[in-house]
């Protein structure tokens with residue numbers, strides 16, 4: 001009996017005659033064996049009959065992990081009379097198998113009877129061999145990409161045997177016996193979801209009606225849902241990076257900039273750092289500009305006006321907030337901020353309740369008021385209002401690297417803001433839908449309502465909500481920038497050295513955006529659009545996709561801690577960074593006037 005080995009080491013074919021061709025295969029692939037005309041495999045009585053390949057008796061050293069049934073199809077090769085084709089498909093975990101195909105309709109089971117049977121023995125080593133003739137599904141799987149289970153550092157975490165990566169312990173000392181006890185102190189999914197929701201709901205909501213009014217409620221709502229899907233996906237990608245980094249280093253609590261630096265290297269991490277500061281400073285410029293206008297309005301209504309200018313009002317606001325944050329202790333700031341957040345929630349509910357009574361919902365969804373071609377210009381703001389990614393490493397740390405809990409916290413924590421933004425847009429745009437200037441680029445629905453178009457009560461509530469939203473968001477941005485500057489400069493976050501540099505740190509946070517806003521007091525929308533188009537798109541869309549691609553598919557031997565948390569593989573990652581890249585190019589061309597130049601050149 002002759003034995004023929006294919007190019008794939010481990011696939012052994014034994015038969016009484018030689019073979020013309022064999023093909024290597026892998027899991028869920030197909031092999032094709034062509035028999036020579038000298039001794040062809042004759043077709044069985046019923047052509048294309050299927051034969052079940054069962055487990056053979058195992059020796060003492062053989063390990064069988066799966067009870068696998070493998071079907072064999074024998075059929076005539078219609079393209080050639082010189083050979084017959086034996087096809088085998090769906091092979092998963094074969095240790096040692098044999099198949100006996102009857103000849104001339106004889107159902108003989110006598111092993112080794114060459115006149116009656118052919119025997120094929122397949123060794124398990126072939127399961128790692130490359131595919132020469134892959135099927136459509138295997139080609140699709142290759143395009144999507146996969147992560148081998150062998151790369152997992154902790155297989156128990158992926159299989160579900162262990163739910164979390166580590167345990168957070170709380171140590172208590174008994175007052176009676178003086179003994180120390182350690183108890184498990186897991187983070188709360190609800191608390192983590194609240195952190196995500198609170199970070200997402202910021203002052204960007206103020207710009208949302210202005211950005212989407214010209215597109216109409218239905219197209220802008222579809223765009224908002226699409227932006228939510230992208231931003232939630234990239235939040236999960238950052239979670240995956242954080243878990244992998246904890247598993248690699250054994251150190252929880254890695255910050256967002258450290259995560260980017262470790263994953264991207266010097267070149268791309270510099271881009272990430274620039275995008276981080278650009279985004280935060282752009283938003284602070286917008287906040288100072290908008291808050292300054294409210295300070296001026298307050299002084300005028302209180303009879304103290306006449307001397308103020310927009311620049312002076314912005315300086316008053318920045319000086320007041322900066323002094324408060326610098327002089328007060330963090331715990332006191334947290335108490336005040338929590339009280340203001342309650343005010344934000346109360347005024348928001350009041351706006352929705354009262355505004356819904358005066359909104360024209362019929363006109364809001366009328367087809368003549370929908371302009372989907374305008375929704376592209378709103379995407380910078382749509383992405384901006386859904387930013388929560390700074391706190392993802394904190395969520396991962398609080399939930400101890402538990403994939404299931406982290407996914408639940410991020411998805412549920414972003415769904416609530418999405419519903420709030422949709423209802424906010426419906427009420428605000430529904431109250432100004434009849435305005436003749438709604439299609440103008442500088443149309444501001446918030447200002448129109450604040451001026452009393454729909455009653456003084458609704459206008460007053462919108463003003464209070466806007467002011468409180470700016471203050472509560474600004475607190476988080478200031479602390480985030482202080483932490484980022486200390487990381488970049490290598491300054492400790494506490495202690496004598498920190499106190500020495502603290503005045504310079506706060507000056508570095510407040511002075512640059514204040515100068516820009518004082519130069520252009522009406523830069524609110526422009527600053528937010530720049531931050532969304534270039535800061536958010538780069539930092540939270542393009543770079544996370546690149547980092548995950550590099551980690552999953554760049555080095556296929558690199559150990560990982562968790563399997564992909566976002567489905568779709570390479571297709572999803574490519575979709576994210578291509579969509580963000582397109583937005584960056586389109587907005588860059590628009591801001592530079594290239595689109596208008598081309599439009600004018602072809603319309604003359």
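Here the Cβ of each residue, glycine as well, is placed from N, Cα and C on the backbone.
Copied from TrEMBL, the annotated features are:
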- 227-247: transmembrane segment (TRANSMEM)
- 268-289: transmembrane segment (TRANSMEM)
- 309-327: transmembrane segment (TRANSMEM)
- 339-358: transmembrane segment (TRANSMEM)
- 378-396: transmembrane segment (TRANSMEM)
- 408-433: transmembrane segment (TRANSMEM)
- 457-482: transmembrane segment (TRANSMEM)
- 503-524: transmembrane segment (TRANSMEM)
- 530-549: transmembrane segment (TRANSMEM)
Determine which recorded stretch among 339-358, 378-396, 503-524, 530-549 has the most C-beta pairs below 8 angstroms with the transmembrane segment (457-482).
339-358
Range from 227-247, 339-358, 408-433, 503-524, 530-549 with the greatest count of C-beta pairs under 8 A to the transmembrane segment (309-327):
503-524
Tally Cβ pairs under 8 Å between the transmembrane segment (227-247) and each listed stretch (339-358, 378-396, 408-433, 503-524), then give the stretch with the top tally.
378-396
Under 8 Å between C-beta atoms and at least six residues away from its ends: which parts of the chain pack against the transmembrane segment (503-524)?
207, 281, 284-290, 292-293, 310-311, 314-315, 318, 322, 325-326, 478, 481-482, 485-486, 491
